[in-house]
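Here the structure is laid out as structure tokens; the discussion comes afterwards.
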Amino acid sequence: MEFAELIKTPRVDGVVLHRPFMPTVEGTLCLTGHHLILSSRQDNTEELWLLHANIDSIEKRFVGSLGTIIVKCKDLRVIQLDIPGMEECLNIASSIEALSTLDSVSLMYPFFYRPLFEVIEDGWQLFVPEEAFKDLESMTDEWRLSEVNKDFSVCPSYPSLLTVPKDIDDESLCKAASFRHGGRFPVLSYYHKKNGMVMMRAAQPLTGTNGRRCKEDEKLINATLCAGKRGYIIDTRTIAVAQQAKARGGGFEQEANYAQWRRIHKAIERSNVLQEGLIKLVEACNDQSHSMDRWLSKLEASNWQSNVKEILTTACLAAQCIDREGASVLVHGTEGTDSTLQVTSLAQIILDPACRTIRGFEALIEREWLQAGHPFQQRCAQSAYSNGKPRSEAPVFLLFLDCVWQILRQFPCSFQFNENFLIMLFEHAYASQFGTFLGNSVAERLKLLLSQKTVSLWSWVNRPQELERFLNPLYEPNNLVIWPSVAPQSLLLWEGVFLRWNRSTKCLDEAYQEMVHIIEYNKELQNKVNSLRRQLAQLETEDGPLQTP
Amino acid sequence: MSCTEVWWSEMEHIRMPKVENVRLVDRSSSRRTQVGTLYLTATHTIFVGKGSEDRSELWVLHSLVCDVLKHKASQNGYPLIIHCKNFQVIQFIIPQESDCHNVYISLTRLSRPEKYEELYCFSFNPNVDKAEREHSWDFLDLKAEYSRMGLPNKLWHVTAINREYRVCDTYPADLFVPKSVTLPVIIGSSKFRSRGRFPTLSYYCKENHATICRSSQPLSGFSARCLEDEQMLQAIMKSNPGSRFMYVVDTRPKLNAMANRAAGKGYENEDNYCNIKFQFIGIENIHVMRNSQQKLIEVSALRSPSMGEFLMGLENSDWLRHIKSIMEAGIFISKAVAEEGVSVLVHCSDGWDRTAQVCSVASVLLDPYYRTLKGLMVLIEKDWVSFGHKFSHRCGHLDGEAKEVSPVIDQFLECVWQLMEQFPCYFEYNEKFLISIHNHVYSCHYGNFICNSQKERKDLCIKEKTHSIWPHLWENKLDFMNPLFKPDQSQNQGLLRPRTAPYCFKYWRRLYNRFDRELHPRQSELDCLMTVKEETQQLEEALALYEQKLAVLDKERAKTLYMQKGVLESKQALWSSPLDTSLANTPQDYIGGFIGGAPNVFTLQQGERESAELCLFGDKPKSSDADNSDQESGVADFSSHSSGEESLPSEDSVKDPDSDETGPNRA
């Protein structure tokens, strides 16, 4: 077993664990291949089980022979371990460092995890493109499922099955793919049942400096327009950034070649900038000492809230074009795997009530993130405590979840799930016992044999026992389009993630419990009253015809 | 001068009682403008929309108007901007320049009354008889409040010394002092304190006898001392038998207090007073606070600001820093009382601004009673109204010194709000209650917050001539209840220990953007839970009824029974009703921040609205919100499309599913 070599000291006694807002625990620290465990061997005291994969970075400090390791986790938690003995401390630290930065995906915990529950509904089979297409077919016959990417050669980051306009053949798709960054030709993202308008997504067109064009690409997206109708291309980049992209072979749709389309540029930041923002934000949240002024400055300087605002605004714009303007929309940025997906998935939450249910939201994440080729493995390799220069890490998915939370705050009765569901998804995207978020694309996941070798997150989440704590007690299905406010006054800091470990949640938990209680008690009474009423009615019929007053 | 005379004299100020074809501009979207008629009455500015279906009205009390501004002419006419003290901003566009000027002159005069008699509370005449009005003033009884605290007792009693307001004309008639203190000591101490505001009791903690006392600054200068004042403090300390010392808290920044010494005022010298621990807290003065709120209001009123503009504006206003400092002062005092069992004397300069804030914040932290509806009313009546917070000056009720205006009570209400955010289950009231109080502190609708002291109110016969706000709020208490309130927990919680990390202090959107409906959550958790609770209560009643009937039926099965099915069936729909109204919702101007430039780029703008919502307040602030919230509907269109082929015809907006689908239907 490879792990044994990395574990220099498997256990140390007399280790003291410090966590904010919790009593310190003294116990034995054990390192296994995938976990850091601290057990006090006393009843009723909580043990710490921490996935190595959850560790973002560590710091060592020594006072005499007492060593201290500060463990900073990807879920933003910071814990402190006091370890007696300098050598033990150094060993533990280097083991943690090695185990938390394993290069090989197949050594990750999901490949070793065996569920302690029976898998009733296999999450890997839950959201297949064929099923989604069946739904589409029931609404329109304008689209077909293409197998052009069967072997992932046309576009390595796309799934094997793609929904494209019926009249466009595979050959044209291949040509359009060669005109788009990474082969990501325009595909269907969402069909708006109410008016038949669609949202498509792609990567940037490869126009380059000499204004290359591709007839097939033009034909492909024009095929989605009704006669005489115009569509909108939402480029998630500013016009300046899009112009610069030309020099590197990228670009944007020239109006001359796409006469039926209007292009709108927005300003969603690139992913490396987002990562810096996350680091700054978390630094500000963890700094307990500073004054009011410094807090607001730092919050502002992180640009996090600005990013939330910009992403939400763009998604609202896309939704507005579709629902209010009755026009189809094509969304893309540069690669079409980050800001593009933020926009298309959020627009669906705004437009489609199905996406606001638990199953619907899971399906959305499968469709618009996992199958659409968001590189989770790369983006979530490091979180806010990464020391080194960021490579391709970026909190793209976290920002999406933050935006969903903002909409949830504004429409607290319109979502079947609650905040905990979003926080759980954040945690599992960064470190998990489940295989769902491993790999960067469908092709990679197939190669890793994830569906055979690991358990799907959905297999676990969808069990009634687990689901219960993710249900929103206030939920009332709402079939309307929900338009959030994107004004700075309306957007809040997501405390449930960013201040989660810096505050006591006693009072907030109490409030949540009270809310659940109020609603459950109401339902209980309703049932009681109904059953009594039935009982009364029954007695009456037994006792003869009802005498009306 | 009788009310009618005042009314007539005010009518003289109205140069222009009615202007036609005035535009009321919706600030969130210039395209939601309404055309209608503007009326000026002695008490209100009234705008009546011309809309054929719904005649929307806007009523603005003159006493709520903060300032009136004329802007440069636009293509439709002459804009007039009205800023209100409750943070509403109204923009009219008046076709004729002369009309605009006349309205401007009239409103400017009407919104700056020179005499108390001109205020609305003297002409406000709801349909109640004299006895009922007088009764309304008995709703709160401070004597009962002191006896709730456990006073008088063997150590504290009421002194009659200020019955005629001769010792201190800004203090109430009845004051609690240690029994051991003699009249000469009180008089001596009062002469050594600014404005005669000698140390007197504000809060008494039954459990450990510790007290919060309040006063103004001592006239110590650089070296003066006063034996009686020292005896007074000694007596206060001794009236708390368990403690060996007391705190004296000067809520001012040290520098300010030192500067006062040069003027013969200052602070207590620890060497002269036995067993005191002296402490500066550092809350800024009224001028700093006024400027700070002004900046905050500017930030809150920004139209589609960027996130950076908003956050930097919030920071530069310093508002939350001031709120934090007041909160920290309250925490210090409440901890001294509850945890150390030590009495505290609080003062600032005059002892009616910062002192009132800090004493009342500490009281809210210490005593669960002040976290109930009635308790907060009593607290405001005691620490603010009776102790001479200068409402008329601070709120600018009359035309006068602008430098006297300061949002001191706003800050107290905001501290309570910040606490409610941290302790959602420990307050009986919700934020609507705080906002309602805020509104009426400024509205001059009721007599409670008129004048600067109890003596002034007595001289002006406020109780004889005006109505009290408290019974009015109490009657509407269902609107002000916090559904999450857990009285037992609040009671047993003991001292509230709020967190004071900077991120615990938040921007109070519901107050500062109160009238910008598009900025608030479209569904309200609060309203939803309140409805569920209401329904639960009805279900409980129904359950009792059915159980009773079933019992009867069991006994007398032969008898026929009347069933009232209808009652319950109609109740089933209740659950979904508040949601329906809040769901109607239109998209915002999402392209607002877009940087233009490219030829192919155009702007998306908010469509015309079927009916603009208007807020009617004054007598019935509630009904307007409820009536209008479900009428909103709208369409987006691309305004720059000249062809018009793609812009939606207006009938589409009527069929707009967002407005006429009624959402969840459970029945």
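Here the Cβ of each residue, glycine as well, is placed from N, Cα and C on the backbone.
Checking the ranges B:221-248, B:277-304, B:333-360, B:529-556 against TrEMBL, the coiled coil annotation falls on B:529-556.
The Cβ of B:ASN285 (substrate binding site) lies under 8 Å from the Cβ of B:ARG252, B:ASN256, B:SER349, each of which sits 6+ residues away along the same chain. The substrate site in the record is lined by B:ASN285, B:ILE286, B:CYS348, B:SER349, B:ASP350, B:GLY351, B:TRP352, B:ASP353, B:ARG354, and its two most distant CA atoms lie 12 Å apart.
Around B:ARG354 (substrate binding site), taking its Cβ as the centre, 28 other Cβ atoms fall within 10 Å, counting all chains. DSSP assigns B:ASN285 (substrate binding site) to coil, not to a helix or a strand. A 10 Å cutoff on Cβ-Cβ distances gives B:TRP352 (substrate binding site) a total of 27 other Cβ atoms nearby, all chains included.
Under the three-state DSSP scheme, B:TRP352 (substrate binding site) falls in the coil class.
Of all the binding-site residues given, namely B:CYS348, B:ASP350, the one with the smallest number of surrounding CB atoms inside 10 A is B:ASP350. For the substrate site, the Cβ centre of B:ASN285, B:ILE286, B:CYS348, B:SER349, B:ASP350, B:GLY351, B:TRP352, B:ASP353, B:ARG354 serves as reference, and the other residues of the chain with Cβ at most 8 Å from it are B:SER216, B:THR251, B:ARG252, B:THR355.
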